[in-house]
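Okay, structure first, notes after.
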Amino acid sequence: MKSIINFSIKNKLAIWIVTIFIIVFGMFSAFQMKMEQLPNINEPIVDITTIYPGASSEEVSDKITNQIENGVRNLDGVKNVVSTSMQDASSIQVEYGFDKDLKEAEQEIEETIKNLNLPEDAQTPKVARLSFNDLPILVVSVLNQNSNLSEVSNLVKNEIQPAFEEIQGISTVNIVGNETKEVRINLLPERLQEYQLRDQDVAEYLNSVLNEFSLGVKEVDNQEKVVAIQSELDIEKLKDISVPINPQSVIEGVDQTAEATPTLNDIAEIELEQSSSSISRFNGEESIGIQVVQGVNGNTVEIIDAITNKMDELEKQYDGLTFETVLNSGDPIKDSISMMFKKALIGAAFAVLIILLFLRDIKSTLISVISIPLSLLIALLLLHRIGISLNLMTIGAMTVAIGRVVDDSIVVIENIHRKIKLSKEPLSGNALIVAATMEMFSPIMSSTIVTIAVFLPLGLVDGPVGELFYPFGLTIVFALLASLLVSITIVPMMAHFMMSRKVEKRASRDKKHKGETYRKILRWSLNHKIVSFTCINILLIGSLFLIPFIGVTFIQEDENNLLIITYDPKTGDTREEINEQVETVEDYLLGREHIELVQSSQGGGNPLNPADTRQVLFFIKYKGSVEDFGKEQEVISAEIRKQTEGEWSFQDSGSGNSQMNIYVYGNNFEEINQSIGQIEDKLSNREEVKSIKTNVSELHDKLGFQLKLDELIDNGVHPEQVYSALGGGVDMRLTTINEEGDDLPVYLNTAKAIEKQEDYLKLPISTFSGEEIELSEVTELIEQEAPSAIYNRNGKQYGEVTINVQSNDINKTIKGLENELKGISFGNGVNLEFGGVSDQIEDSFNQLIIASGLAIFVVFFVLIVTFGGGLAPFAILFSLPYAIIGSLVGLLLTREPISISVMIGALMLIGIVVTNAIVLVARIIQNEKEGIDLREAILEAGTTRLRPILMTAFATVGALVPLVFTGETDGSGLISRGLGITVIGGLTTSTILTLIVVPVVYEALMKMKKKFKKKRAQKEEVNIEA
């Protein structure tokens, strides 16, 4: 190590070049790094979506959901399987542990599904990983005052969507509310009667002649080729299709006369129509909604900047065209990171000021603080190389690391500064700087390794907490290693370059005066060990009684000016009725004072729930921050629930989580719904309950047609004829035709109009002999009630209650609600299971407590290796418990609950606190090796190391001060003031008490060791004499 220090001093030019290299490439890396708000966390969930057109929720459950559930439940690593069976669709979420390779999981699920016997008319199940990337990063509404919705739709389809999709990093561009063209064939009842045609026969004929039929692979010209029957049509050709009077006879190969054969145009109206499967509105005005979803490797900020530029170009190009931005994930990212950078700069300024106040020398201060930018730039260079993004966690880690990266340089430069000012110092020049640096190398290396070792157990924390804090820990590790390198290379070089040996007598007198005051306090404590130790431990024990008065939460919520609401209409509501309800709610929202804009999307507008085409998604943007966002949600929730009968779900876009989940298992649908009603009645009036959402599925009337098997056989009627007859009145998609370069779907509307359920039984159906009978002769109509959706969890039918809780002590509040529910008398077959944030708190806190225990063990091991024994490390560890005092007092005074942020701060304290103790004990041991008496060695070490210990502690505190003033709207809930308060409070008390406790414990242990050696020596002498 001495050779490295010597090399740095003797090769200043080389070191300056390396320093410039670090600055240039570090800054280049910073500008090249992907920028995002949080690290990308892929939830270990694989989603399986299956579309089964025309099937009821019960049919979907029996034929689709149950089969897939049974197939995937026993796959390796599966924790939970949650499913929803609804009309026309099945949605299944397969949850794994965070250690599962999701690509492998997808492949296993796809292979399992291939072996299942699913209905032929069901679409192929779509298997995809669930990710935060599925959420849109940008939502805009497109309007044009000079054009109608159809013209805007064409512009979006032909110009805007392709322009957006060309931008690198985008996964999908979803369009909501756009109008599309389609061909409608409306059969005319009077014309059908004139030609003695039945609508179902025409439907069967058109379906057979318009669709492509594959005849398989045939060998043609010595090559295998796919042979298929197909037709290419446009609207005019479609009109000219001949429809035989008895279409069934054509299908069966019976001849028809051309004169008796009408064309499709003779019996139907064929029209090109505009239609829309979804509706989007902006501030009550019809618009086109665009949702941009980012790809896995996309850069959010770059994508949004590119789209913003493209929108500006398009607005200039098309008169009257405007883009109204509803959601922009790029601005919060830039604002949050900018805010964190400002805090880092302010923290660095505080640290520099504190160092200057202690050293009272500008040159020494400049040399010390050079480690801040260099260490952080080296960290950025390494982070960029391994693909870590620039986000709140990495920037937050740098903010936290500022106070610590300067520690090593402070200790080195303070020792050099001290030796230069000693009038009796025999060394000078290179030798003095090398000796001063070497003297401090062992303690700074030990303290750096110890601090790094603290973050190693974070790798054992799984789940979202482990994923989130992985880049946080990695950033600090890189920065600390860089600071150690800087302190033994660049700092000695700059010290030799800038500092001269001058003795400032006044400074020496001040130092001596301050040292003497502490020396007297320390001497008294050493002489009164029991009294001093008892008093300090009374403070420690007393602080533990503060814990019940400090709340517990998972992550402090960041309030935002964007509110996202979903609305699930009542079963049976038509599209027109839903639209009226949405307009009513929009009018109410737009009438509220602080709301700037409202965008609604009905019919497939929710990217995380595309299968539910009835759900409505609202984006509500406020003009600025709302004083009490929780209260605002309560007011809105109460009012819109009065105006509608469906289910509302609220979520804001902050990072906090305060949800309680209750899973209700029962024997049947009625039991579950009744129990959920009891829960709602019990908790709905509680002050802490912000909102309650259930997945209660309403019962709707079901008409069941039971086949009379004997009558079917007697009349020669095939079951498929019954299905075809009942399909009347439903849009039937026949084929796709090309019109002016566009592929347009063709739909057939049959002539039957069903107004009463009795009309179904009167529908005609042909027998084998050609005679027509009514449907009532071969089927029986049974009136039933059926759920609109069926929910299963791990193979059991269940219902779910989701409660948003508002409290400063989330954990205590949720536990209270759980105990209250346990007192309710439910049915015999009903069981409750609790989940949500309470489970997350328990799981994450337990893992972090284990990680902290492992960290202490690792620290102890490193100290044993460093000091070559166990007594000195044991004395150093006595500095840890007293950090609890300041941390708990700080949290209580600031009313900050214990959160993940606080726990990470406590983990950090383990590494930070022992640093000061290491510097102190290392000096004591060095004095002892030089032959100084134990008591004098302790007193000299205390007075000599007082200034560097206070400097490093106060510099760390100063760097963290900006975090204490974290606002609720700057997006930094994960790296929040909870972490700052914990470290500042803990470091303050531990530093003060370390200067007393560690010397007291060290002297006591050394005296005990000396007595033990003396007794053993005497015992050995007695044995020898015997």
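For all residues, glycine too, the Cβ spot is worked out from N, Cα and C.
Automated prediction, rather than curation, is the source of TrEMBL annotations.
Beyond the ends of the transmembrane segment (13-31), by six or more residues, the same chain brings 373-374, 376-378, 380-381, 383-385, 390, 489-490, 493 to within a C-beta distance below 8 angstroms of the stretch. Feature annotation from TrEMBL assigns transmembrane segment to 13-31 (among others).
Positions annotated as transmembrane segment by TrEMBL: 340-359 (among others).
TrEMBL lists 365-383 (among others) with the feature transmembrane segment.
Same-chain neighbours of the transmembrane segment (431-456): 1-2, 5-6, 9, 404, 407-408, 411-412, 415-416, 418-420, 425, 473, 476-477, 480-481, 483-484, 487-488, 491-492, 495-496, 501, 854-855, 858-859, 862-863, 866, 907-908, 910-912, 914-915, 918-919, 922-923, 926, counting only residues six or more beyond its ends whose CB sits under 8 Å from a CB of the stretch. The transmembrane segment annotation in TrEMBL covers 431-456 (among others).
Long-range contacts of the transmembrane segment (468-495) within the same chain, counting only residues at least 6 positions beyond its ends with a Cβ under 8 Å from a Cβ of the stretch, are 1, 4-5, 8-9, 12, 15, 19, 38-39, 41, 366-368, 370-371, 374-376, 378-379, 382-383, 388-389, 391, 393-394, 396-398, 400-401, 404-409, 411-413, 416, 433-434, 437, 441, 444-445, 448, 451-452, 455, 458-459, 461, 904, 908, 974-975. Taken from TrEMBL, the feature transmembrane segment covers 468-495 (among others).
Annotation source TrEMBL lists transmembrane segment at 530-555 (among others).
Non-local neighbours of the transmembrane segment (848-867) in the same chain are 442, 446, 449-450, 453-458, 460-461, 465, 873-874, 876-877, 880, 900, 903-904, 906-907, 910-911, 914, 918, 921, 925; each lies 6+ residues outside the stretch with a CB under 8 Å from one of its CB atoms. Here TrEMBL flags 848-867 (among others) as transmembrane segment.
For 874-894 (among others), the entry in TrEMBL reads transmembrane segment. Long-range contacts of the transmembrane segment (874-894) within the same chain: residues 536, 539-540, 543-544, 546-547, 549-550, 856, 859-860, 863, 902, 905-906, 909-910, 913-914, 916-918, 921, 964, 977-978, 981-990, 993-994, 997-998, 1001-1002, 1005, each at least 6 residues beyond the stretch ends and with a Cβ under 8 Å from a Cβ of the stretch.
The list of residues near the transmembrane segment (900-925) in space but at least 6 beyond its ends in sequence, with Cβ under 8 angstroms from a Cβ of it, reads 400, 404, 407, 411, 440, 442-444, 446-447, 450-455, 458, 465, 469, 472, 476, 554-556, 844-845, 848-849, 851-852, 855-856, 859, 863, 866-867, 872, 875-880, 883, 887, 891, 937-938, 940-942, 944-945, 948-949, 952-953, 956, 973-976, 978-983, 986-987, 990-991, 994-995, 998-999, 1002. Residues annotated as transmembrane segment in TrEMBL: 900-925 (among others).
Non-local neighbours of the transmembrane segment (946-967) in the same chain are 342-344, 346-348, 350-351, 353-355, 358-359, 399-400, 402-404, 406-407, 410-411, 414-415, 511, 514-515, 518, 894, 912, 915-916, 919-920, 975-977, 979-981, 983-984, 987-988, 991, 994-995; each lies 6+ residues outside the stretch with a CB under 8 Å from one of its CB atoms. If you look up TrEMBL, you'll see 946-967 (among others) marked as transmembrane segment.
Annotated transmembrane segment per TrEMBL: 979-1005 (among others), in sequence order.
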Legend entry - Spatial neighbours of the transmembrane segment (340-359) far in sequence, C-beta under 8 Å, 6+ residues away: 365, 368-369, 372, 392, 395-396, 398-399, 402-403, 406, 410, 413-414, 417, 947, 950-951, 954-956, 958-963, 966, 972, 975
